[in-house]
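Per TrEMBL, the feature ATP binding site maps to B:THR64, B:PRO65, B:ALA66, B:GLY67, B:GLU68, B:GLY69, B:LYS70, B:SER71.
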Protein chains: 2
Amino acid sequence: MSFTDLSIAKEATIKPIEKIAESAGISRDALELYGNYKAKINVDLLEPAAKLGQVVLVTALSPTPAGEGKSTVTVGLADALKQLKESVVVALREPSLGPVMGVKGGATGGGFAQVLPMEDINLHFTGDIHAITTANNALAAFIDNHLHQGNKLHIDPRRITWKRVLDMNDRALRQVTVGLGGPAQGVPREDGFDITVASEIMAVLCLADSLEDLKERLAQMVIGYTYDKEPVTVRNLGVEGALTLLLKDALKPNLVQTIEGTPAIIHGGPFANIAHGCNSLMATQTARRLADIVVTEAGFGADLGAEKFMHIKSRKGNFHPDAVVIVATVRALKMHGGVAKDSLKESNHDAVRRGIVNLAKHVETIREFGIEPVIALNRFVTDTEEELAEVIGWAEAEEIELALTNVWEQGGEGGLELAKIVKRQLATPNQFAHLYDEQDSVEEKLRAIVQKVYGGADVQLSDKAQKQLVELKKYGWDALPICMAKTQYSLSDQPKLLGRPEGFTITIREIIPKLGAGFLVCLTGDIMTMPGLPKQPAALNMDVGEDGEAVGLF
Amino acid sequence: MSFTDLSIAKEATIKPIEKIAESAGISRDALELYGNYKAKINVDLLEPAAKLGQVVLVTALSPTPAGEGKSTVTVGLADALKQLKESVVVALREPSLGPVMGVKGGATGGGFAQVLPMEDINLHFTGDIHAITTANNALAAFIDNHLHQGNKLHIDPRRITWKRVLDMNDRALRQVTVGLGGPAQGVPREDGFDITVASEIMAVLCLADSLEDLKERLAQMVIGYTYDKEPVTVRNLGVEGALTLLLKDALKPNLVQTIEGTPAIIHGGPFANIAHGCNSLMATQTARRLADIVVTEAGFGADLGAEKFMHIKSRKGNFHPDAVVIVATVRALKMHGGVAKDSLKESNHDAVRRGIVNLAKHVETIREFGIEPVIALNRFVTDTEEELAEVIGWAEAEEIELALTNVWEQGGEGGLELAKIVKRQLATPNQFAHLYDEQDSVEEKLRAIVQKVYGGADVQLSDKAQKQLVELKKYGWDALPICMAKTQYSLSDQPKLLGRPEGFTITIREIIPKLGAGFLVCLTGDIMTMPGLPKQPAALNMDVGEDGEAVGLF
């Protein structure tokens, strides 16, 4: 096939963003244009909504390096609902430049189910992530300047927990020493950089419901501890106003469109393995004001993004999904069934059958939350009828709704079957329940996630994490939800344990309180908060063509 | 006075940017809107110009911490020319967030001679500087990844000259070690961060005249040396395409407006002490296509920005200024005459007279270039008639054109006298000549700058610089212009030597070849390529008001 996402995007007819806004009921004065095809929405200027739309959450089985097309299905489902004359808005995350330059080349859906203008969205978009990077690093500079200028707050340089960030995959910055070179160059100390999308400010931006809430959350962020081990916050430094100023435009949701002209709100972009993995609450709630149905996705498998969507994002927003779609592919099932990536093109329905255990666990997880999921079996050209039949037969036997989707090639048309099932689910009230209460002990909350979501046996805390837990309790920070940092490839904390591992114990290496975001990050396994680039970064294929157009964004 | 720049800006009537574009002859389809009051100009879609406009360069005496209002005079002069019915565009640099957060609070002119929307321009604007930061740090990540993945090019980690950047004043990042933590975290090495506006990519963006030229310059950048001391370029790494892709929108000039509705192109923002200090060549040349007169500024005193404007920027653009304005203030002259900053409010015409030597040197310098300068004596409320008379009398005696300006309070009206003199100068051909040829030896070029521009006796190279010079010659890189990195406060390399020091020798500490920018950076004195924050950063006063508006940008 000579089509690429980029070539399809370039051939597509894109409408002026004012037209898209108009179709979504957004008045011109609530729009701040960024070129002809992107706009920020000034939420304060929107008409009040009579009621809020229903929410369809798209999640997936445990992903594989092959890619399952979750964003593609999310976009295709929205376009299909539009074809069925529903009032619909799709709400996605903003791509991080790190993976775009590293492995992905792009993250805006694919084929005939993508958002436009894909070049801009994949590069700097409207600058939100740059604003977050800037605010994060301004805070770091204020902290180091405070140390340098006399350290009135008695901050212990060894106990500064605030890290710098870049929106790049840059492993050499994971662990650094700063302030070298003598007394004029600051105070030497150990430091490190995370990727911006793993930063607390990204989470804060994604969970704030107003500018005031944003400022209050920024003020509450803990940046480290004094020599007496008292927490030091942004409020103590007095810079929450400056940080809010740097973020005031970034807080406004961005409006773009799908290739079929469905309004798309793309805003906020935390990763789901090392952060909470959902687009912004502002975006989802804005979308709910504009449409009867909002289709949104959460990152990676249901063990990561969906779990955090339920326990962190929608809990803050006081809502829950009205329907859940789990995306699966024959290729991913084969990998979970033991096939190596290089052999995926060979038909192997036995491997598909063996791999279904992974999908089955995610179905069980969504049912644990009281929601009956729908499986979207996303077709690839290499899938054989025999392989597809394996999955379809299993779903029938288990009485799970399943639809084949072919949205990459067909756009919304390829998602009509899925859309019809989703509409039925939306008409059926569900019995949603959280799997833990915020007031439960940290150990109970962890156990709930490990046992009910991961299907593991138990959880254990490293010595470091145990000491941190004692501190957390001392400060009264233990009544917060958990944000697990775990590999996306396995239900366990071992990336190579595919399928449905059982009897495993999850080890919590470290617990990092994020008081601004309002959750406790629990690091498991070898998970890194700053990725690295591969041997052949995607950037090597990127270029600008003769007419100034992007080349090499897939 | 209860007015602030921000309060005046907020009260001002701002026109839709389409109207400003129309008045400048820019068609709607050549505009890419960023909100209602900012736009990027797609230069390829502009009508061809019958002739290019004349250029007025605004420079200054050696600045003082008090601030002389050079940008303010630049804006006011443009507004005055507009009042005189001239076709005029003003071309300025983009403010760096580092100084905005640190000491300045804002850098968009002042009072009734400023550019709008000042909040946006001072914060993220259209994201150009963020794009430069991103491209710079992507390159750094590609370099460290190359080391980590086997180092096929045999890059010597001790001889990597490419530094990371942030657009922040952050002294703790001047000298760092990266890649710590074991084999999975990259290769340990010494590194450092510069401020983005001092980066080579900023210079490349400001000197490129097309996307192809940008890509070629990026490809030529030297990032370090192999173990065999052979230079390694971006082309060797194969990532010039990706860097160009990251910068393709940043290369487009930005259109805004002055408070009086004069079109303003604000694009590129290198500092003039540690970089070449001029806005982009694209911006100036675009402005020349749109107007008969372009008023532009170069940073700090005529020894820095103006010298680099002549020898680097306008040489690349194959033009030279048609008129030069030197901004002076009574306050600055008093400081050059020995008055401490705290005593500036007291009238002291003796000190003014003593300080005039500094201004006199800058007048001589501009005359060295074959141009007869005009002095803009920029009034402050504390100036006394006696003090002003001192300067006016001297200028009359020396037969130098001088105009009093009062643009902060009066806008263009306060610059009419200056505008009339400038118009006369523009009607008089000048005898422009460079003070050195690119083909001169590095020592000759340095001596020309030190003797003819700084008024010093001689130049000497540190041992390190001498060794670097030998290498430069070996690689054939010595036929490039010089970009001096020198304190802005003194004509010498000693910040405390105010007035007109004589007989001094400038020491070149280090010579850094910037092949993409096409110049040799020569570091003098203690000049830092990464500033620090002051004890009380301006950020402490920043906030967002109830209506989401900026607070604390002066």
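The backbone N, Cα and C atoms fix where each Cβ goes, glycine too.
It is B:SER71 that, of the binding-site residues B:THR64, B:SER71, has its Cβ surrounded by the most other Cβ atoms within 10 Å.
Within 10 Å of the C-beta of B:LYS70 (ATP binding site) there are 27 other C-beta atoms, taking all protein chains into account. Note: B:GLU68 (ATP binding site) has non-local neighbours B:ALA60, B:LEU61, B:VAL327, B:ALA328, B:THR329, B:ARG331, B:ALA332, B:ASN378, i.e. same-chain residues 6+ apart with C-beta under 8 A of its own C-beta. Listed in sequence order, the residues B:ALA60, B:PRO63, B:THR329, B:ALA332 complete the 8 Å Cβ shell around the ATP site centroid, once B:THR64, B:PRO65, B:ALA66, B:GLY67, B:GLU68, B:GLY69, B:LYS70, B:SER71 themselves are left out. Comparing Cβ neighbour counts within 10 Å across the binding-site residues B:PRO65, B:GLY67, B:GLY69, the minimum falls on B:PRO65. Long-range Cβ proximity for B:ALA66 (ATP binding site), meaning a same-chain Cβ under 8 A and a gap of 6 or more residues, is found for B:THR329, B:ARG331, B:ALA332, B:MET335, B:LYS341, B:LEU344.
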